[in-house]
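Take this structure first; my questions come after.
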């Protein structure tokens, strides 16, 4: 990597904007990087999705507390509040430290959920519920560190990395649903089978979060292609990548001194937001709709059907799998939606799903509900990828990092608003 270090120390003009380096270094390790992005994206939501897909256990453990809604409501303010602070100060934040703190917090919180269950012997109670809520808040803070940090960092690299990371986030839902099916089936006929299945599942979540800590700390930053893009961003004035480059064996103090003035030349967060206000509104609309239905409505308001206790798990699995499929559809360029007006129209048109879900829950059977839930997930994943891969193009590295953080803030504002609106389904039902 001596070649990369020397290029970083020189001006971009002398090195032809890294053209020579791009031909020799920028493609090395790309496939490995995409796999790691997918695994890290999976880890960003694996623990939280693990808690969501264990709602059949928590609904039984805390029958009076509306756990599917309350835990999400606790999670979101901490995620949004933490991310807003981090996004405002993103240009000064050590991205490596930020992401490591997030993954470590995921691991600690996942372990804490298990400790709480063992300490209460699975008997529930207000004290255990408060402990679970605290863990949920910690998941929100961890998500803010990782989702915003990784999205911003990968936005200054190639679009495939962002797509892979976001696809990994969706895959966490599909994988956790599949594992929940297996653990539920394995212990269904045994004593305390529901609790045993949930404990095994939560243990797997904690182990996976520990794996993500190790992958990010010791593997991801050492890939040649990752070093290349971070060095390129550093040459454009990005300070957030310095610690990651140092961990990869590249010293950038000289480059920081030479390029310190360039940091002032980048567009401000306000300018970036105004230039991409349509994308920001799109993300808000997409997630305010999705979270007004998923997961609370699917767990508590879809009635009883022949699938019994498996029904809500099937609906969550249908959403998660279709969301994952939707995030891979834009890989096919011919059917990727690139028009900003088209994305806006598609985001608004999804609101027809609200009356569709209402009347299906009231009059339809489970087949129609599964189909609607699948369409909800498919459109959610597809439109998310279209926005996050298109928005950063044309900007410098520091601006791409900032824009990635801002878009995730808008996404979380939509999620938080959707979580609040989800409670409106309970109006008129004795709540």
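Numbers here mean position along the shown chain, with the first residue as 1.
Cβ coordinates are placed from backbone N, Cα and C, and glycine is handled just like the others.
A TrEMBL annotation is a machine prediction, not a hand-curated record.
The annotation transmembrane segment is assigned in TrEMBL to 31-48, 68-88, 100-119, 125-142, 154-179, 199-220, 279-298, 310-330, 342-361, 367-391, 403-426.
Can you tell me where each of these features sits in this structure?
Sequence-distant neighbours of the transmembrane segment (100-119) (same chain, 6+ residues past either end, Cβ-Cβ under 8 Å): 43-44, 46-47, 50-51, 128, 131-132, 134-135, 138-139, 141-146, 149, 195, 198-199, 202-203, 205-206, 209-210, 212-213, 216-217.
Cβ atoms under 8 Å from those of the transmembrane segment (154-179) belong to residues 30, 33-35, 37-46, 49-50, 52-53, 147, 201, 204-205, 225-226, 229-230, 232-233, 238, 241, 313, 316-317, 319-321, 323-324, 326-328, 330-331, 381, 384-385, 388-389, 392-393, 397-398, 400-401, 403-404 of the same chain, restricted to positions at least 6 beyond its ends.
For the transmembrane segment (342-361), the list of distant contacts is 278-279, 281-282, 285-286, 289, 292-293, 297, 301-303, 368-369, 372, 375-376, 379, 383, 386-387: same-chain residues at least six beyond its ends, Cβ to Cβ under 8 Å.
Residues 69, 72-73, 76-77, 79-80, 83-84, 86-87, 90, 144, 147-149, 151-156, 162, 269, 272-273, 276, 279-281, 283-293, 296-297, 300-301, 384, 387-388, 391-392, 395 of the same chain lie 6 or more positions beyond the ends of the transmembrane segment (403-426) yet place their CB under 8 Å from a CB of it.
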Name the range, of those listed as 199-220, 279-298, 310-330, 367-391, that has the largest tally of Cβ pairs under 8 Å with the transmembrane segment (68-88).
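Result: 279-298.
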What stretch in 31-48, 199-220, 279-298 has the biggest tally of Cβ pairs under 8 Å against the transmembrane segment (125-142)?
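Top-ranked stretch among 31-48, 199-220, 279-298: 31-48.
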Counting only residues 6+ away from its ends, which parts of the chain sit with a Cβ under 8 Å from the transmembrane segment (199-220)?
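Beyond its ends, the transmembrane segment (199-220) has Cβ neighbours at 33, 36, 39-40, 42-43, 46-47, 50-51, 53-54, 99-100, 103-104, 106-107, 110-111, 113-114, 117, 176, 179-180, 183, 186-187, 226.
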Same chain, outside the transmembrane segment (367-391) by at least 6, Cβ under 8 Å from its Cβ: which residues?
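Those are 151, 155, 159, 162-163, 166-167, 170, 276, 279, 282-283, 286-287, 290, 293-294, 298, 302, 314-315, 318-327, 329-330, 336-338, 343, 346-347, 350, 353, 356-357, 360-361, 403-404, 407, 411, in sequence order.
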